[in-house]
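Novice: Below you will find the structure I want to go over with you.
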Amino acid sequence: MAKAHSHGQWTSRMGFVLAATGSAVGLGNIWKFPYMIGQSGGAAFVLVYLACIALIGLPILVAEWMIGRRGQKNPISTMAEVAAKHGSSRSWAVVGFTGVLGAFLILSFYSVIGGWALSYMGDAATGAFAGMDKDATGAAFTAFLGNAGSLLTWHSVFMLLTVGVVAMGVAGGLERASKLMMPALGVLLLVLVGYGMTTGGFGQAAAYLFNPDWSKLNGGVVMAALGHAFFTLSLGMGIMMAYGSYLGEDVDLLRTARTVVIMDTVIAIAAGLAIFPIVFANGLDPAAGPGLIFVTLPLAFGNITGGVALGTIFFLLLTFAALTSAISLLEPVVELVEERTPLSRVGATVIAGFATWALGIAALLSFNVWGDVTLLGLNIFDLLDQLTSKFLLPLTGLGAIVFAAWCLDQESVRRELKLSEGGYALWRIVTRFIAPIGVLAVFVGNL
Ligand code: PHE
């Protein structure tokens, strides 16, 4: 049974904006988006991505906040109660369930990668990359992944930090941590972009990111842009629903969503302008995909003047990005446990954190001891990744937008979003047809 408890609240709109942006800005922005742009047609890809953000990402973000704010509870109870209030079946709760489950599963392996960022920050700060060549940084990364003990240590440290923040509550933990880390992240990023401008590689980096190459656009690229728009805004995980449940009535959802989306995109592009000048100025390969951050960049940091400082700054930036996302992943799970059990906030956080940590161990072992353990041809890490990104997230996001567009009383939505006549017409077309069809297309395309 739900117990009565004093429900957390954001203390200011700015605090909420920073926490939501902190959730949105993560590994996806710093590591994935830059190389996706480079590989998929530069400005041509950016334009497609922006269209996906505007037509699908933003409406679903607003829908999740709106549902959360109406329910004021964990995503499962929220979906059930808001549905009942609008004359729909309480089984809409399943959308909340798949969201919370997705957040839990993602955090287990996200924390493993957060641990890599922490470990590499230490290496960068102590000059461990000094003088290494490409083979050496590649071998160092392979050796790191092969060492279950180190992965476990860093995963544990990262998880402890996450639990520490979330245990302190919505305002005292999530909001306060975001108010500290997000501005710091912005400053670190500016320093790196500033450095990039002083290298000879800035022009080449800008060209790589922005020169439109329309020939690279195809169905696969459009799908990738759509999928990324979804992931980067932390949609379909119950996160934004949980965040909405701590929101006061006075916050303008559309305006706030616009701010979060713009900051998320600007930071992703800035990350490209931080990373690629270093890559090009040192004659390295920009298309290195996953190895870009943990193999290619260490190579550069080990061989340029100021590499120790720049490397430390970069991996600190990555750590902040990962940590502000990780706390948002734990929050819906904690909100659920806190409301459904007699546990206190701290107790709920410790239990949820412990369960996530334990599952994370299975994920990290797939890089070494359990490398051969596979299901459906995937190791545990990849299985968790695929299960969430291909199934749970799109289905949850689809559920949220369909519910908001078809089940909520539309007159109340119109008032809540302060829509004009034209804005309302547009909102209806986008939320009833364009966004759900877009998500469905990604879902089916992924299968
Ligand atoms: N939005 C984050 C990013 O772009 C990723 C993320 C995924 C955050 C899941 C929270 C939850 O990296």
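From the backbone N, Cα and C atoms, a Cβ is placed for every residue, glycine too.
Keep in mind that what you see is a predicted model, and the values were worked out from it rather than measured.
From TrEMBL, here are the annotated features:
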type	residues	note
TRANSMEM	12-31	transmembrane segment
TRANSMEM	43-63	transmembrane segment
TRANSMEM	92-113	transmembrane segment
TRANSMEM	152-174	transmembrane segment
TRANSMEM	186-210	transmembrane segment
TRANSMEM	222-248	transmembrane segment
TRANSMEM	260-284	transmembrane segment
TRANSMEM	304-330	transmembrane segment
TRANSMEM	350-371	transmembrane segment
TRANSMEM	391-408	transmembrane segment
TRANSMEM	429-446	transmembrane segment
Novice: Check the transmembrane segment (152-174) against each of 222-248, 260-284, 304-330, 429-446 and return whichever range has the most CB pairs under 8 Å.
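Specialist: Against the transmembrane segment (152-174), the leading stretch is 304-330.
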Novice: For the transmembrane segment (304-330), which recorded stretch in the set 43-63, 92-113, 222-248, 260-284, 429-446 gives the largest number of Cβ pairs separated by under 8 Å?
Specialist: 92-113
Novice: Taking 12-31, 43-63, 92-113, 391-408, 429-446 as candidates, which has the most Cβ pairs under 8 Å with the transmembrane segment (260-284)?
Specialist: 12-31
Novice: Using a cut-off of under 8 Å between C-beta atoms, tell me which stretch among 186-210, 222-248, 429-446 contacts the transmembrane segment (92-113) the most.
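Specialist: Maximum Cβ contact count belongs to 222-248.
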Novice: Establish whether the number of Cβ pairs under 8 Å between the transmembrane segment (391-408) and the transmembrane segment (12-31) reaches at least three, counting only pairs separated by 6 or more residues.
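Specialist: The answer is no, given that the two segments have fewer than 3 Cβ pairs within the 8 Å cut-off.
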Novice: Taking the transmembrane segment (43-63) as reference, which of 12-31, 222-248, 350-371, 429-446 has the most Cβ pairs under 8 angstroms?
Specialist: 222-248
